[in-house]
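Here the structure is laid out as structure tokens; the discussion comes afterwards.
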Amino acid sequence: LPYRSPVSMAMRQTPLTCSGHTRPVVDLAFSGITPYGYFLISACKDGKPMLRQGDTGDWIGTFLGHKGAVWGATLNKEATKAATAAADFTAKVWDAVTGDEVLTLAHKHIVKSVNFTQDSNCLLTGGNDKVLRIYDLGKPEAEPQEIAGHTSAIKKALWCNNDQQILSAADDKTIRLWDKNTKEAVKSLSFDASVSSMEYIPDGEVLVITYGRTIAFYKAHSLDLIKTVDAPASIHSASLHPDKDFFVAGGDDFKLYKYDYTTKEEMESYKGHFGPIHCVRFSPDGELYASGSEDGTLRLWQTAVGKTYGLWKCVLPGKFT
Amino acid sequence: MESSKEQHLFETETCLIILNVAFDQYNASLLNYFFSFLPRLMTFILEIKRSSGLRFRRVLNETPVSVLRLPRGPEPNSRGFDPTSPRFIALCPTTLPSSSSSSSSSGSADEEEQRLRAELRERFLRTLLLMTGKRVRFDMHEHVRVHARFGASDIDVLNLQVCDLETPLGVQREALLRSQDVIACSFEV
């Protein structure tokens, strides 16, 4: 059985609810750890993505400018830039410190996914026009490099393998690994069901994929299967803890599940959301995970329940005021 | 898991049995309506108690983690990105002369720029004041050109409040124009 500290055995998880969005939250992303902490961006169908302090959930600002639902959002490692993908056929790059819009990249259809390279110099976009685009942010007026091949709308596109390769998941039920320079598909995975989410962990080169009720883990280089875990309900998103000891998943039944990665055992399940969970991500330090739901809220959950961290305070028994 | 699930079902059934007895006694339609919701309400309450994936008995033994406060939500009238936050000050080099660094020569160039910026800002704000109550022509995107009586702008100049906005569909008594949609505005002084 996984070890559980005595404190967490007696404490019940108190999620922190971040309100502010008025429509479903469909995507969220954390930045890396910066001298000012880490940050969280949430994409919402109300068209107003928000930046929050990662460890407390405090609102910092709202990126105003999109004229349609925002389907994807990301931050660069230093949390100095943000990028969003929206239904208004544009992807936008923002200054994440001032909130100003820096760049608007016009597309031919709804944009679903955006991802920065590690050096924040290039932006990868993917959407309903089935084409992956790479923009050089140093030369924004230049035409982007395009990678075509998917036969349906692209749901998620990520840089991997030191930004030399690209992973893309589309509604054609495939995940493809592309070489950035040759623009050819190096490998491909096919599924029976549409892939609902994809997460790439650079440290260890692990790819976390969800489809149907399954959470699957693959080696990012080779696309070799590591393991699969089945959940009680249809899963929309999953995230692996940085130390790779557990992962969390959420989906249609409004619950958040926590599994032991090694044993594949379900450790806990948490209720709290009032709608299906669309996205879930661990923070870069692994101390908490955030979930975004159809109910329009973001919730922050503790990894070690009862630990003093962020806004949570450990109160030992017998010390109630 | 089975035993607590069974216990849960038993408790729900018990509620229903008790309420059915009550329904026979009070044959009023309003009470009937109310009582028909009670089992569902009880189930809902019991479900809430069963939350956190816990066994029913554990609810009595566990205390919720205490929280210092709730996360701060968005401010209603601002888009945020507080310019007085340490991160903003550190990462957004302003042209204001900082007290610790910058030599005197660059300092004076910075001061001059700041003076000009302040002057331009003041001119802009005075223009907005002068525009108040006047009939203004707004040139907007997609070759849209409308006339309206300017009222005010909000603090971030994100929205412009206007009256009697003349649109192809008619005259709108009160309206709000999004500043980002406006390319230019002109009026008679």
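Every residue, even glycine, has its Cβ placed from backbone N, Cα and C.
Copied from TrEMBL, the annotated features are:
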- A:63-104: repeat 'WD' (REPEAT)
- A:104-137: repeat 'WD' (REPEAT)
- A:147-188: repeat 'WD' (REPEAT)
- A:270-302: repeat 'WD' (REPEAT)
Residues of the repeat 'WD' (A:104-137) by DSSP state, where helix covers H, G and I: 0 helix, 21 strand, 13 coil
Cβ-Cβ under 8 Å with the repeat 'WD' (A:147-188): same-chain residues at least 6 beyond its ends: 72, 109-110, 112-113, 115-119, 122, 124-134, 194-198, 200, 202, 205, 207, 209, 220-223
Tally of helix, strand and coil residues over the repeat 'WD' (A:147-188) according to DSSP? 0 helix, 25 strand, 17 coil
Secondary structure tally of the repeat 'WD' (A:270-302) (DSSP, helix then strand then coil): 0 helix, 18 strand, 15 coil
What is the average pLDDT across the repeat 'WD' (A:104-137)? 96
